[in-house]
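> I have a structure I would like to understand better, so I am pasting it below and will then ask my questions one at a time.
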Amino acid sequence: MDVNPTLLFLKVPAQNAISTTFPYTGDPPYSHGTGTGYTMDTVNRTHQYSERGKWTTNTETGAPQLNPIDGPLPKDNEPSGYAQTDCVLEAMAFLEGSHPGIFENSCLETMEVVQQTRVDKLTQGRQTYDWTLNRNQPAATALANTIEVFRSNGLTANESGRLIDFLKDVMESMDKEEMEIITHFQRKRRVRDNMTKKMITQRTIGKKKQRLNKRSYLIRALTLNTMTKDAERGKLKRRAIATPGMQIRGFVYFVETLARSICEKLEQSGLPVGGNEKKAKLANVVRKMMTNSQDTELSFTITGDNTKWNENQNPRMFLAMITYITRNQPEWFRNVLSIAPIMFSNKMARLGKGYMFESKSMKLRTQIPAEMLASIDLKYFNESTRKKIEKIRPLLIDGTASLSPGMMMGMFNMLSTVLGVSILNLGQKRYTKTTYWWDGLQSSDDFALIVNAPNHEGIQAGVDRFYRTCKLVGINMSKKKSYINRTGTFEFTSFFYRYGFVANFSMELPSFGVSGINESADMSIGVTVIKNNMINNDLGPATAQMALQLFIKDYRYTYRCHRGDTQIQTRRSFELKKLWEQTRSKAGLLVSDGGPNLYNIRNLHIPEVCLKWELMDEDYQGRLCNPLNPFISHKEIESVNNAVVMPAHGPAKSMEYDAVATTHSWIPKRNRSILNTSQRGILEDEQMYQKCCNLFEKFFPSSSYRRPVGISSMVEAMVSRARIDARIDFESGRIKKEEFAEIMKICFTIEELRRQK
């Protein structure tokens, strides 16, 4: 979609056009190849920031660990991770002092969540490090594999139980002397193809059992796999992100639940709210500071940037915070919450795929896996890589690097926000005991600081004090990248504030366009995005109308569904023309069937099928909305579906759109080429799982099969349900006596087989 940006800004004040300077149009940069280098950078940097800490060795895994807590305070502006425990605890105490009962209440809320959360919570999320296969898998598969291994090792894991019970298993697994796992491996054979008589490589997948001793198992349980963060705009260098395994995930979830509950009660926290709610929260803080400073005081705002937030945070500090926050709570609760930070203090970073070497002269390519980096001769590497490897070598164990200090990206966003807010909270006059005071906003590593004082010297003193207070808890405000302005103009989490928030429309640009799900969903998502931007982002009526026309054009080109009376020739035009000619009411045809577009900015909230229903020929209605149409594999379609739209920064966000099920709501079938790869075993497991779930849903039509049915197993539940249904059908005359007898016989046989097993 080409839009000339100047058209959008003819009548826009200059400050509103700031968003056009953002790197948001066009494709974002993606990373290729291995993330090993980026991960080594992270590990080395993190250790450098804490280098004056104390070294110890983990007695269980033998991993060398660096502990910077209560280490020497930095003399200058260098970023450092030497947080002081007593300062953090005092900041927590002051935070509680200004918000009486906040920790107590959040603990009670969290306790309730802990007792109710089921283990299927862990199936949410995308790629997860699967410790049994030592690589990433979809979350649901990784959980299933973990539970399977736990079971075969005598733990009571149950995929429909409470998450807390699963976590007890995790704790027990760490005490076991060994764990037996099932791994997939590939065999390659050279064989002659009968047809072509050429030699080909055949791959077969085997499953084999493998025993892990306690040390190896602990290393895997504490491992975070690393990948390169994709699609980051406005950066020259890529960076590494981490994905933890199933052992850590559940514990992190509960800690974040507690921290989220605290953040919700803090007016300075930019999390967990978003969008307009966040803007309102921010506007309140600004209003408070402006109102108080009108006559006598100056008010300045810093658009803040912290240096390497994650790499200077420390899990040991989080442990201290949790210990304080939960101090009057029952022992079991305190234990559950303290495990996540303890695991993170002992974490291992997996270095990823390793390096690829190719020799131009001999046309050879070879992969050096991360496991070999500890022993390989360094003459093969260039100078910068050589330095990285030399530095990281003392930390390596089995292809993972011991990484005790620092938090990997995105793990404890909420809890680190609580820490940031606790420093903002210290800016009240009753704490500063002087003429300056501050307040601000914190959202993970992003902050805005508003300082009020009678004169410029006071402002400077306030900023200095804030800066030094942050240093005490391991937060490093970057003097180079933060800038100060009269209050009224600042930026926070890509919201631009200029006497009110300016709509940063360019951030939404990437979500305009055709999503590529299917014809039905794409139409619905496209118009919903335009509607939402009219509501939230100052998208004016003329621009919205233009966006709509561009969208329809884009949509028609994507699905080759130009109007039936067009001259454009595509693969589909023959069929669509035929349909156009035999349709009486042409306005009733959907755009994807070559019909005209009836959308305008007034009716974007109506699904296209509903908009055109009255205009459709009767037989077209019958074909379009026919659940028995053999060409469709229908999902159960809720009245509202969720699409993932990509804003220009931050995670992909979920957006609701109206879903009307038609024959255009198809689901593409899986690519077959997976069958020849090492994923095949997993695919078979997935299909098995899918079949069981489908079968279960046939018995319980309204069921979401993730919920357990009482205490009985799936099979028992299905058998008893089959019996009840059969009896009802027999008594109402829907089935004959013979059929009824046969069903009863099958049910009996199944139960017998179960007993024998």
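Using the three backbone atoms N, Cα and C, a Cβ is placed for every residue, glycine included.
Features from Swiss-Prot:
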REGION    53-82  region 'Disordered'
COMPBIAS  55-64  compositional bias 'Polar residues'
MOTIF     187-195  motif 'Nuclear localization signal'
MOTIF     203-216  motif 'Nuclear localization signal'
REGION    249-256  region 'Promoter-binding site'
DOMAIN    286-483  domain 'RdRp catalytic'
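Could you place these features in context, so I can see how deep they sit and what lies close by?
Long-range Cβ contacts of the region 'Disordered' (53-82) within its own chain (Cβ-Cβ under 8 Å, at least 6 residues beyond either end) map to 46-47, 214-215, 218-219, 222, 307-308, 311-314, 316-317, 345-346, 348, 394-395, 397, 402, 404-406, 471-472, 474, 476, 478-479.
Non-local neighbours of the motif 'Nuclear localization signal' (187-195) in the same chain are 201-206; each lies 6+ residues outside the stretch with a CB under 8 Å from one of its CB atoms.
When averaged over the region 'Promoter-binding site' (249-256), pLDDT in the model lands at 97.
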> Can you tell me how the residues of the region 'Promoter-binding site' (249-256) break down into helix, strand and coil by DSSP?
8 helix, 0 strand, 0 coil
